[in-house]
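Below is one structure, written out as structure tokens; comments come after it.
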């Protein structure tokens, strides 16, 4: 791995695909077709893009039962346990409605309501991750969303993978459709004869899915558009080079465009991690992908001290951050920008991908500066509540009218004054 | 006003301007110029679009002092009191970081951090509302945002309005630039020699501002793109037609594209409100605007009962909702989709626009289905915290590795296993 000693102006080298004009046009055409022709368009596009002719989009109950039968029972139990951990963590996020009262009888507050409906996109092929199903569906369930519709492109056999179906059932999805790509996003946004439209669409996907989400945004809400995965490890002297290398590679194997970065105060550790990465790389099944990621987007920064390291991490604003220092909690206090922070050597990043409970859908591409992990708040919305008393309006009506007139809005002022003036 | 008795499939008639291809192109060109030429471009565009040659963009302290001198002291006190109310309400929204511990020594949590910096756009001309300054700036201040930069286009005299400057100072803005339009958004997103880039841009603006915000979204965060204002009044028998008419008109005077809608169970009230609207309209300074709004976008729906009324409101998902019923709190319980809810006849909508405390930046265009009022959460972000103990990883490492291998991610499994295997 490249070892870099100059950190001024450093940033994670990232690859962001925002699509070509042709891709955008293709996506717009697909969306129009689905809006116009509904299910017929879905079936046509599925034949064209997924190479399989399906009769209807909805996954029947027996296919879900088959998936459970196919999967070993130990695995089902582990998925169940992961789901329980994820649910327990997300339940802590749930906010309540609240109100305050004032002595004059005024009541102000904030009412929280779950979204009515959510659509979850799950990619197909090798990226059909059961863990993504859990991470997208469970926060919506905890929020109290009544209707969750999952979509995912079918394989050549016309089916979804057993892992995805099992995870969906365990997470509590009631309705699954075997349709993917921009056409699935269009169906979720605008509805078809058999798929009802939803209020928000979440979940990762390829460039066509990402462009379709951007296109329907505004008519429905969407989650973030995820970029390639990233990890930054911040380590001081005395940490284990082999473990750090393994963690860097666990991100690198995701995608040739993934970024794995070490920031360390220790020149020796930099050298050892670089060697360990090389050694471990050659033993990995996904060596090719991981090697391209490390070579194109990997870097080791050597910094003067931890303070400089912390500032560099904030500048990088990584999706995942591991803190491997003598006192990780103390170091964490200085971190302002990171999607998920893993403390100490027993918090290897995959612990958070699958099992611990916090969400693995995290802000990429430096957006940790202003974005959060997927969470329950994103499946609820707020309404302000204002109940003014007669006394409060009498007391403050003149001030409100004064402010309205300062802004040249006479009808605003009169709306307040009519409550008292007319019957004088 | 049109009285409608068929509510099946009803929606608020809305006008949404998403810009033309030429406008989009113009905005892209402006953004490129600002990125390339910095302040020189800002000064050129300000001369071109605002018709005034400014020497530098930053508003000097003496202009702010002049604004205070110019404004009557009673008005300053009222703005101060409104700011205090807004601050008090938003302080209730502020969430804390939290963590949980498990008996095995594992700690999981969520760290909340304010954004580093925020840019607030304030329109010029007659839409230069001091209240908008308070509503955009105060939640960011309460969140703990360190750097808030305000931008607003200058008038022909090269200055900003006194009201805007006074509100900005009271809200706690330290840095104000007299620059507007797409060029101001570009400066906030990418920075110039004297304006530092920010992490999030909020505030309303014309179509060029809206298109510029869409364009920079992703590089920085933005708030919602606001559409024309909307009000729905839900009223049963025995309510005051003149007050309802005044409230409908207070929205209608904002904009010829604004929507004002009454939903009522009472045929008589429908007739009376319609007459009252006509009567009051003719006395308004902004009669022309309000009349066009009422004629093009106004409607009165007569429903069979309150239950149907509540369902219609949910279908309309209005920005502002007034509930004028015998028991407004009971009625409110059924409301799922509304930006702000005003209860009872002393909670006229302008109370919330200016003074009560809740934010007046609210979801328009039906987005109350999935969006919230501007609030403190939008100026903070979350980081997940995962500190797994040795015991927890020993206990669960095999399960995590099993899940990783189910997804074909061998390096993920090994990152966990290397913690224990290598020194066996």
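Even glycines carry a Cβ here, placed using N, Cα and C.
Nobody curates TrEMBL annotations by hand; they come from automatic prediction.
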Note: TrEMBL has A:229, A:251, A:254, A:320, A:407, A:412 binding substrate, and from A:157, A:288, A:353 that site also includes A:353
Which whole number of Å gives the largest C-alpha distance between any two of A:121, A:183, A:206, the residues noted as binding NAD(+)? 13
Quick check on the binding-site residues A:183, A:206: which one has the highest count of other Cβ atoms within 10 Å of its Cβ? A:183
Short of 8 angstroms on C-beta distance to chain B, which of the listed binding-site residues (A:206, A:229, A:353, A:407, A:412) are there? A:353, A:407, A:412
Give the sequence-ordered list of residues that share a chain with residue A:229 (substrate binding site), lie 6 or more positions from it, and have CB atoms under 8 Å from its CB. A:251, A:254, A:255, A:258, A:259, A:319, A:320, A:364
Report the residues of the chain - excluding A:121, A:183, A:206 - with C-beta within 8 Å of the mean position of the site's C-beta atoms, for the recorded NAD(+) site, in sequence order. A:123, A:151, A:153, A:180, A:181, A:182, A:184, A:185, A:205, A:208, A:209, A:212
For a quick check of understanding: among the recorded positions A:319, A:353, A:407, which residue's Cβ has the most other Cβ atoms within 10 Å? A:319
Could you measure the widest C-alpha to C-alpha distance across A:229, A:251, A:254, A:320, A:353, A:407, A:412, the residues recorded as binding substrate, and give it to a whole number of angstrom? 57
